[in-house]
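Peer 1: According to TrEMBL, the coiled coil annotation covers 304-334. Look at TrEMBL and you will find 158-191, 198-231, 238-271 tagged as repeat 'TPR'. As annotated by TrEMBL, signal peptide applies to 1-17. Summarising the annotation, TrEMBL assigns transmembrane segment to 395-415.
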C-alpha cells in the first residue's frame, strides 16, 4: 500500500514540475487527511513544490511538520526532508542550508544512496562557494563531479563545472574559470538544453568583461540573447539586453547602448521585473546624461529613484543618486545637486552601516560555519573510528567462525580417519584371530598325528623320534597359545612359558612331583617371540633328554631349570642328576644336539656343557633392551 502511494507521489511530483503548480499544490493540501505516514509524505512533497515555486517560508512550514512526523524513522525520507530544508534556507540562512545539506549527505552515505550523495556534495559546493570557503567548495564539487563523470550524468556534471568556474573566477584564476565554463558549455550543447546554454554564454560574457576583453564579451552576450529570443524567455531577454546596453554604455557606444537598454526596459516591464526595470531606467538615465540630454535622462533617473526607494536597494540607489547629481550639474541646478548630495551621503552612511552589519554577519556566519565544519569533521572522525572498530569486530567474528569451521572440519577428518583405522584394526584383529585359530588347529592336528603314530609304533628308536617331534610341536603350540591370548603383542613371559613347557614335558613322560623332583627358577622376563621360540625349543630338547635318559636310571630323579638375567645378559642353566656322558661321546649326528647348536647360533649365544657325574647345560645370551620397560627385552 505504502509503495503504491509513494508511486503516486512520484507521479504527482513530475506533474508538479509543469505549468499548473498552484492547482496541484491545492490538490496536495486537500489530500492531507489520510494516515499519519501518508500525511507525512504529503508534507514533504508540498514543501518540495513550494521550493520549486521559490516560496521558501511556506516550504519551511511543511518541512518542520515533516521532520517531526513518522518520516523521521525512514532514512531516505528523512534525508529528503533535510535536503529540502537546505534548499529552503539557501537564500536567507546560508549556514543553516549548509547544516541541513550536510545532515542529508550523512544519511545518504549511510544508506549508500550514491546518486543523492553526489547531489548533496554538489549543493554543499554551492553553499561553501557563497560562504567564501572555496577549498571546501571545491572538495565537495570535485567529489560530485567524479561521480557524475562515472555515471555519465551530464546535466548535473555541467552544473558542477559552472559552479567550479565561478569559484576560480572569484579567486582571479581566469584560465581555469574559462576552461570549466567551456566544459559546461560543451555538455549543455550535447544535451541540447537552450536555457542552460544561454546562461553559460552569459557567464562567459561576464568573465571576459572582468578580464577586459570586450569583443569576446559582446560575442557571448549576443549568443545568450539569441537563444533567449528563440525560447521566449522574456525575463532572460530583459537581463541579456540590459547586459549588452551596459557594456555599450561602458565603451561609449551610445547608439547601441540606447537600442538595447530601451529593449531591456520593454521586456522587463513585460515580465513585471520591478528590480530589473529600475536598474535599466537608471542605465538609460545615465546614457542620456552622458549623451548631453540631461533633461530626458533626469526623467528616467527620477522614475528609477522612486522605484529603488520603494525596493530599498541601497547599492543601486547610490548609483542612481550619483547619476542624478551628474544630471543636475549638467543642467546647472546646483541647489538640487547639493540636495541630492546630502541624500547620497545618507545612503552611503547607511551602506557603510549595512556593510559593517553584513561584515559582522559574514564573520559570524564564517565562525559558525567553521565551527560546524569542525563539528562535522569530528563526527566524521568518530564515525570512521566506529566503522573501523565495527570492521575489526566483524573480522574477529569472521576469523573465529572460520577457525571454528576449520576445527570442525579437522575434527570430522580425524574422527573419520579414526573410524577407518578402527575398522581396519578390527578387520586385522579378525583376520589374526582367524589365523591364530587355524595355526592352533594345525598344531593340535600335528600333535594328534604324532600321538596316533606313536601308539602304532613298536620300535623304540622310531617311537622316540616321533615322541620328540610331538614335544617340539607342543613347545611351539604353547608359545602360540601365549601369543594368541595377547593379541597385537610380540612379547612372551618367559617364566610362564618355560614353566608350562617343563610341566607338560614331564607329564608326557609320566613324571610328577610324586615320583621326581623338578624345579624351575625363572625370572619374570618378557622376551620377544623371535628369542622365545628358539629358547623354548632348546629347553624342550634338553628337558626331553633328561626325562628320557637321566630319569630312568636314577633312583631319585632330579631336574632343575634356571633362567636369570643380569646387566642384560640372560643365563639359562639346565641340570639333572643323571650319570652324565663324556664330551667325546656326543655324536655330531645326534638330531637333538644338532638342533641345540643350530638354535644357539641363531640366538648368537654361547653354550657350555658339564658332563662329570651329571649333566649341566649353560647358555648365555645378550638381550637388547626393549624400550624403557623394565624386564623387557628384544
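Note: Cβ is positioned from N, Cα and C throughout, glycine not excepted.
Give me the lay of the land around each of these features.
Peer 2: With a threshold of 8 Å between CB atoms, the same-chain residues lying at least 6 positions outside the coiled coil (304-334) that come near it are 274-275, 277-279, 281-282, 285-286, 289-290, 292, 294-295, 297-298, 340-341, 343-344, 347-348, 350-351, 354.
Remote same-chain residues near the repeat 'TPR' (158-191) are listed as 122, 125-126, 129, 134, 137-138, 141-142, 144-145, 148, 197, 199-201, 203-204, 207, 210-211 (criterion: CB distance under 8 Å, separation of at least six residues from the stretch ends).
When Cβ-Cβ distances below 8 Å are used as the criterion, the repeat 'TPR' (198-231) is approached by residues 158, 162, 165-166, 169, 174, 177-178, 181-182, 184-185, 188, 237, 239-241, 243-244, 247, 250-251 of the same chain, each at least six residues removed from its ends.
Mean pLDDT across the repeat 'TPR' (238-271) comes to 90 in this model.
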Peer 1: Using DSSP, tally how many residues of the repeat 'TPR' (158-191) sit in helix, strand and coil.
Peer 2: 31 helix, 0 strand, 3 coil
Peer 1: How many helix, strand and coil residues does the repeat 'TPR' (238-271) contain under DSSP?
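Peer 2: DSSP composition of the repeat 'TPR' (238-271): 30 helix, 0 strand, 4 coil.
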